[in-house]
């Protein structure tokens, strides 16, 4: 049993963490203070009257109203993450056998959520494959038309705002316009955008937005947000016949503990940091420009419109063939320099993000990688 005692994290706090799924989830000091107050089990339920979204101490009810305004949506509910939000929407508004039309870069959880809800999936393909993997957004019309011509019902349109593979930002307005023309509900998966960059739900004509607290809103896992328009409120918030105060799709209550507290405590920090998105893009583009000088090749759309970067790295792969550490040399060399978050043993392609780092740290990372390549050649 000793292995469960005194747990520590091997990626220490002193390391610069480049993992794209973690850069947006780093807690500010305000949230760390809240952890101490609320780390016990059902601590948010001290003054609960039956439903999480109506709790006023801590101010969960106010927070959900504020987050809805922040996203320019009508309503919001806490979830355990974006994946749970997607399933809630699919289960609440679609009928078994309906089709979900989604982009080819959609996260695996979009497919799994549809499968769990007993729905079918139709993909919208690429305008271009390698190296940009840009989605053909106008292709949504064609896919929907083809399905309808075959007598199939499309219950939901889903667009991945930014995908987790290439970091491509999709023009949600285009798909929102198509959704309105077709009269089909539109879900925007903002796991990589809400909390990192500005998102305006009504501007892009989204009926639903799902967000990830732990991925992009400086919160502890698992937590997220489902924001939705008033038009679909009755379906999303339908209550149980036997337990009338409990919302069915939320199974009564969702993120009922420390994660939602960190989400709230980080909210003022998040509101301010999205205003600095242009500066984050400058850092990202600087990294791309500098590392392409030494043989890296950025995959995905150029110039970068999001902080998640995927590189082809043939120069690292060539070094790995000669180095006795093989593919682990790059991870080892980064670790020596206080840098983590890059997958160990992988040298053909890497993903990274410098979101939220100071310029001095960004320059340090770039110079460290250049030094590694030069010294290990």
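Note: Cβ is positioned from N, Cα and C throughout, glycine not excepted.
Annotated features, as they stand in Swiss-Prot:
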type: BINDING; residues: 82, 83, 189, 212, 213, 214; note: pyridoxal 5'-phosphate binding site
type: MOD_RES; residues: 215; note: N6-(pyridoxal phosphate)lysine
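Here the features listed in Swiss-Prot are painted onto the structure.
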residue : record                              : Cβ contacts under 8 Å, 6 or more apart
82      : pyridoxal 5'-phosphate binding site : 107, 109, 189, 190, 191, 210, 211, 212, 215, 224
83      : pyridoxal 5'-phosphate binding site : 107, 109, 112, 113
213     : pyridoxal 5'-phosphate binding site : 25, 81, 195, 219, 220, 221, 222, 223, 224, 225, 255, 259, 260, 262, 263
214     : pyridoxal 5'-phosphate binding site : 25, 81, 220, 221, 222, 223, 224, 259
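Same-chain residues that are not part of 82, 83, 189, 212, 213, 214 yet have a Cβ within 8 Å of the Cβ center of the pyridoxal 5'-phosphate site turn out to be 79, 81, 85, 191, 210, 211, 215, 216, 224. All protein chains included, residue 212 (pyridoxal 5'-phosphate binding site) registers 30 other Cβ atoms within 10 Å of its own Cβ. For the recorded positions shown (189, 215), fewest C-beta neighbours within 10 angstroms: 215.
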